[in-house]
């Protein structure tokens, strides 16, 4: 989500962490005369927050609302306009590319979605190259493929002309289910395979990474281009996710270019984003910045993992094809689960489930009101997963026996994917996370970092007990809500007028129904991490590129070679 334009009322941003020196953020209440920041509340809260921006025609926008959707805590979506088509896409901090299902896609998944496809016959400008994006780990695997081209893309009041994207005509990815029709990758440009395909089409004889880096402002991912072109107040975005199963609660939103309202920078724990050496699958430094190391993804080191207050033993799982790296985690909105080393996950499930302890092939059944606390220690502080996000309903009409299926095993660290934990939506429902890009051309000047703030209330165990009691009284089913992403927004323009923008229709259908199974399977995960794109070849005769996106695990990818970096301070959704 983004907002183009310049801001009228910017909720301040604070000083960068002492831990990682950076340019100071403006004080609360300070305004910017030229850029913008946006608040994108989730659907059911869409009237409680403001969007501050300027519309595509240059008029001042004083406020308004833009909704975000959620399907039973599995898919968090936002409406984007591509050309003349408005559709819902999955928000994914674990990948970097924008792709949308086109009218040419006739696979089973494309036929099942209720979201509007992208009409490539109208405004799409094909590059002549295509990509195949493969998502998942060694347990799951999906793909999305189609031609790469350009079109105008708008999110909220943020508009970018000639934006690179893939118009997918073949996919089995679940991002085109539950009302979605694609993925909006919010990661670093170093993971952008769409950008590499576009650059290869336009500069077929280049080698190295210089041109790739130089073209980020014109050919990079949507958010990277917004930042590179200095269109946002601060190079950051913040995310919280609401809870739509077990106990419908919380307030989810995304803010771009500012911290959320009421959040002070001093309350946030900031840690550096991991930088990758080329030997580990990272970016080859360009000639104009030969000593720089670049990030691949939103990944941070962690101190340890705790269950019910006790530190779990470190994993003995061997890394795949590399030396065992330090303990780290990917922060991934495109992952509906918590994923970790198989031996540690097995230990967790044995401790919480007598059924699983007796038979590791059985489902990890446990009392719904057990109230276990899975906690991650980051920079010496503790960030728990709310007990309400640890369990799911196992069988219909049964609110006594639940299943601990929100924590699953995954592949060990590997080249280009050094992390062993993938902290998905259960973690992001429990913690506010701020993603700060810093200076992506020269990270040593202003390093990328991630900020954390726990949102778990002290009475979380009691709230779980209340939810269980209510479900038992209501026939044994926990509540579960699906909220479609609206396909229009209202922006309040200068002079008090309210005008629709972005779209031609407003679909804010919200359904609430008992959840007979809120078990987000591995296959339900729409997207996650990626390996670095292959290095641009000196001669490229192929008009079709195929890449494997890692889920933080597995040696799946075909081309693992550096290519990029990012221009100036960045702000992302």
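Placed from the backbone N, Cα and C atoms, the Cβ positions cover glycine too.
Annotated signal peptide per TrEMBL: 1-22, in sequence order.
TrEMBL lists 76-453 with the feature domain 'Peptidase A1'.
Its own atom aside, the Cβ of residue 105 (disulfide bond) has 24 Cβ atoms within 10 angstroms in the protein chains shown. The disulfide bond annotation in TrEMBL covers 105-110.
According to TrEMBL, the region 'Disordered' annotation covers 501-535.
The Cβ of residue 110 (disulfide bond) has 23 neighbouring Cβ atoms from other residues within 10 Å, across all protein chains displayed. On the 0 to 100 pLDDT scale, the domain 'Peptidase A1' (76-453) averages 91 in this prediction.
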